[in-house]
Structures are given as structure tokens and as C-alpha cells.
Amino acid sequence: MAEGNWTGVNEFILMSFSSLPTEIQSLLFLTFLIIYLVTLLGNSLIILVTLADPMLHSPMYFFLRNMSFIEIGFNLVIVPKMLGTLTAQGTTISFLGCATQMYFFFFFGVSECFLLATMAYDCYVAICNPLHYPVIMNPKTCTKLAVASWFPGIPVATVQTTWLFNFPFCGTKVNHFFCDSPPVLRLVCADTALFEIYAIVGTILVIMIPCLLILCSYTCITAAILKIPSAKGKHKAFSTCSSHLLVVSLFYISSSLTYFRPKSNNSPESKKVLSLSYTVMTPMLNPIIDSLRNNEVKNALGRTFYKALGLRDCIA
């Protein structure tokens, strides 16, 4: 990294919600703290239960476990620092700390996009090729798909973060609750046209490629479900992928509204609110959706709970 950058800016100030009254910030702190703890607890339970219960040793729950790891990572990268900004009028973050936060934000975000596409493919195989499902989605294939989902986040995060933080900075106040690319880019005092083109194209590809794969999978799934003669069979098939479809909708709607809205409607304050939906709310809702809409997970939670208490006779 250029020496001039280090001598010019050594730290940034996360403005977060400093424009709000202190009382509201205190309320937000309490709210986000509860959400943070619920998120960590919910996703940790999903990981522990899917590992501990033999009934959940299937591809679907293997990918669900990977998703919970991503959601925990997302929260650990963003929320603790955001909580700190709500206890003071602007909290500093070091130059390296800001770059690190941005790197892992991109890494986990890109990985989640591709993992959602992988989970859609898993649903497609389960519904459209049920007899061949154990052969197609064998442990080796699942591991390869998981690695393929995590890997794209590395080059995307490395290129975007390294390129951005090699620009000279003329300001230090980041008008956001974490080091996202657009608010940090506004502090650069250099020609960023090429970087902005790369960022727009990269964002479109990262969001649209998995989205198209998901749409293709669900088009085939819908066609297969419509061919099922009984209403009970249709309901059972749809329930297999309904939780994933809801999670996909939450993630893509919120992220698309954040990054693809016209600039005239994209004020910093509105972007903060939208960013909360996929950085804070969605990671909390995902394990709730997966557990409440999935009887296997609920039953596994019960079995794990009874085993932990030593009440083996009560296990169904």
C-alpha cells in the first residue's frame, strides 16, 4: 500500500446514526444488541443440531450449516463495531481495520449469493430427480459445491478492497455504520471512474449470476410440482423448498434495493436503513425461518434438548 495513503489517513470515523438523538441511539443499541445475540444463538443452534443429530446428516442441512457459518461471520464483522458507534458520537476505526471489515463484508456477501444458488440446485435435484438424489448429491459433490460457493468471495473481496484502499483519501468521516464501498469511495480524492465501472459490473455479475441460477432451478421445480397429481404431493414438494425461497427473497430484495436504486433516491440515511435489512435482520430471520417452517429441525432441536438434559426417555 502506498506510503502516502498511510501518512494522509490513519483512521476513519464511522458516523453511523450519530445524527439521531441520544435517546433513540440508546434504543437502537438495545434493539441491535438483542438481534445480535438472537442471531448468534439461532445460527449456532442450527450448526450444533445439524452436526449432532444423525437425522439431519443430509445435503440440505449440510448447506444450511454453511449458511449459518456465513450469517455468524457477517454479524461478527459488522454488528459489534456498529454497537460501538451507538455508544458515542462517531467511533474511529483504523485504516487497516476498515479495509479488513470491507474485505470480509464482500467475502461473506459474495459467498452467500453463490451458496443460495447451490441450495436452490439442491432443491431442484430433490424435487425433479428424487430417485437419483442420493447418487447426485453425494458427500463428495456436496463438499465441492460448498467450496465452489465460498471461493468466489476471495478474489472479489481481494481485488475490490485492495484497489479501493490504494487510492489517496482526503476525508475521514464514513457516513455509514460500517466500511461499505460507496461511502468510503466518496472520501477518495482521485479519479475513480475505472474503479466505479468495475464495482458496478462486479456487483451485477455477483448478484445476477446466482440469481439466474436460482430462477432456472425454481422454474424447473415449479414445472415439476405442477405435474404432481395430488394436492398433498404438491404441498409436500413445495414445503421442501419454501423456506429457502423465502430466505432468497429477503436477501435479494434488500440487497438489490440497496445497490441498484437510482442515485437520486439513494440518500445515505435510506441506504443505512436498507443495509440493516440484509446485514442485521436477514441473518437473524434465517434460522427462525428454517426452524419454524421445518418439522425435522424442530424435532431435532427437541431431541438435542432432551439429550442435553439427560431425559432420553422423553425423546420421540
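Cβ atoms here come from the backbone N, Cα and C positions, even for glycine.
Where the annotation comes from TrEMBL, it is an automatic prediction and has not been curated.
Over in TrEMBL, the protein carries these features:
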| type | residues | note |
| --- | --- | --- |
| DOMAIN | 42-290 | domain 'G-protein coupled receptors family 1 profile' |
| TRANSMEM | 27-51 | transmembrane segment |
| TRANSMEM | 63-83 | transmembrane segment |
| TRANSMEM | 103-124 | transmembrane segment |
| TRANSMEM | 145-165 | transmembrane segment |
| TRANSMEM | 197-226 | transmembrane segment |
| TRANSMEM | 238-260 | transmembrane segment |
- Are there three or more C-beta pairs under 8 angstroms joining the transmembrane segment (145-165) and the transmembrane segment (63-83), sequence spacing 6 or more? yes
- Please indicate, using numbers and ranges, the residues of the same chain that are 6 or more beyond the transmembrane segment (145-165) and have a C-beta under 8 Å from a C-beta there. 1, 5, 62-63, 66, 95, 98-99, 102-111, 114-115, 117-118, 121-122, 181, 184-185, 188, 195, 198-199, 202, 206
